[in-house]
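> Handing you a structure now.
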Amino acid sequence: MTTIERITTPRIRIFDTTLRDGEQSPGCSMSPPQKLVMARALDELGVDIIETGFPASSQSDRDAMALIGRELRRPSLSLAVLSRCLQADIETSARALEAAANPRLHVFLSTSPLHREHKLRMTREQVLESVRKHVSLARSYIDDVEFSAEDATRTELDYLIEVSRAAISAGATTINLPDTVGFTTPEEIREMFQQVIAGVADVPNAANVIFSAHCHNDLGLAVANSLAAIEGGARQVECTVNGIGERAGNCSLEEIAMVLKVRQAFYEQDSSINTPRIVGTSQLLQRLVGMPVQRNKAIVGANAFAHESGIHQHGMLRHRGTYEIMRPEDVGWEDSQMVLGRHSGRAAVEARLRALGFWLEEDELKLVFEQFKGLCEQQRVVTDADLQTLMQGGSNAQGYRLASMTISDVGSRANALVELSDPDGNRVAETAQGDGPVDALFGALSAATGVQLMLDSYHVHSVGIGADARGEANLSVRHEGVEYDGTGTSKDIIEASALAWLDVANRLLRQRQANAASTTEAPAPATA
């Protein structure tokens, strides 16, 4: 699809940065194989651009780009990487993009007076010269170049126009005006886009340039500001699944996509998002990074389509439109949960796993199906929660796995004995005492794995149907000052708690392995 075709189509381009900006959220880092799994889901979701990472920062991001580029070849999908306005960064990014069928090189530089003085220590003219030089360099490698004016919403309007003109003249095909610190308001950002677009109109090829919004959620306005930017002329929105990202996060992909769908008559724009895949994609990300969304999260929260008020329930029974502006099935929720059993075949199990966001290779599917049939011998039905439990057990295959545990009372205290299989298949056993079974359990797990976690919050609840219901444990912990979330599911809530603890511990161990494999010192995180 050409640039001219893109700009004349009444459609908003969805630039997903879950794998780059979203991953910068504390505790949300992903390994290259995990990024590939997430990228597959984003491809099925129908995003237009996937930003895979920041190649100059680590070998891990370069490996992820190579994996994703080799597999995802959809003609309408672009793969992007981020680069500072530095020659070495741009050259590294260009090499990383060699695997992509449709590459985009995304370069950024701060433009606000605060950043120019304290971060860059550069004058206005020096920033302009750097933009000209490095956008031109990027364009010499890649035809599709995006330039981001970091902290655009705190940049002088006349200077922002000047920088945008310079970037377009140097060959930029997309101009991104980020609200880097979530400072602006809808009225301000709408006016900013209108003024900048008008201010570059006479630059050659400006009519073919896409203007993009990248809004952070520090004041809770990321989605509202992105919509206002669309009203001001933006035709690309940069966002993340579940709104994850630095500090308070980014514009939420699922929210922006559903606003454009539900209120299409107002905005006269739509997106290419395959909306019935939204919930599955959201749940996949929650599992990969261990960060559940709050129950009242729009679109993907567990309560998004729940009605408890008697008045609301009565209205819903009369007509769904009384209290629902969209159907649950339009975003991937189901009115009734699909139930599998002993007579279900492998194709049905595979289809349900894909709907839940799990894409398995043939050998992986064979193993999970064998586990599924074993579960069918123990209970009448297998629900979505049961399938997620099976997949969670498989996710620990390369880390510590729970072999057995024993909890007993020792006077006023509890004693826990745990036996684990370590990543090499060896058995490790440790005991610990604590002020209750969970405290003792976590102490024993810490001793067995060598991982120290500080518990912030912990709760359990039931998932599943009737007598086959299982307990799900959710915990939030800290490790070296960074927050992590873990989830575990089992018939026994203490075992579920152990699985939740190991969920975090195994993720930390995988991160250590990925960091050890990296051969390049990481620069400061990008925030554009």
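Glycine residues also receive a Cβ, built from the backbone N, Cα and C atoms like all the rest.
Not measured: the values here are computed from a predicted model.
So Swiss-Prot lists the following for this protein:
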type	residues	note
DOMAIN	12-279	domain 'Pyruvate carboxyltransferase'
BINDING	Asp21, His214, His216, Asn250	Mn(2+) binding site
REGION	401-528	region 'Regulatory domain'
> Looking only at His214, His216, the binding-site residues on record, which one has the least crowded Cβ, with the fewest other Cβ atoms within 10 Å?
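Taking His214, His216 as the binding-site residues, the minimal 10 Å Cβ count falls on His216.
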> Other than Asp21, His214, His216, Asn250, which residues of the chain come within 8 Å of the Mn(2+) site, judged by Cβ distance to the Cβ centroid of those residues?
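So the additional residues around the site are Thr17, Pro178, Thr180, Cys215, Asn217, Ala222, Glu238, Cys239, Thr240, Gly245, Glu246, Gly249, Cys251.
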> Please give the average pLDDT for the domain 'Pyruvate carboxyltransferase' (12-279) in this predicted model.
97
> Counting by DSSP, what is the helix, strand and coil composition of the region 'Regulatory domain' (401-528)?
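Reading the DSSP string over the region 'Regulatory domain' (401-528) gives 41 helix, 56 strand, 31 coil.
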> Under 8 Å between C-beta atoms and at least six apart in sequence, can you list the same-chain neighbours of Asn250 (Mn(2+) binding site), or say none if there are none?
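Looking at Cβ-Cβ distances below 8 Å from Asn250 (Mn(2+) binding site), excluding near sequence neighbours, one finds Thr17, Asp21, Gly22, His214, Cys215, His216, Asn217, Ala222, Glu238, Cys239, Thr240, Gly243, Ile244.
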> Tell me the Cβ neighbour count for Asp21 (Mn(2+) binding site), meaning other Cβ atoms within 10 Å of its Cβ, over all protein chains shown.
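Asp21 (Mn(2+) binding site) is surrounded by 28 other Cβ atoms within 10 Å.
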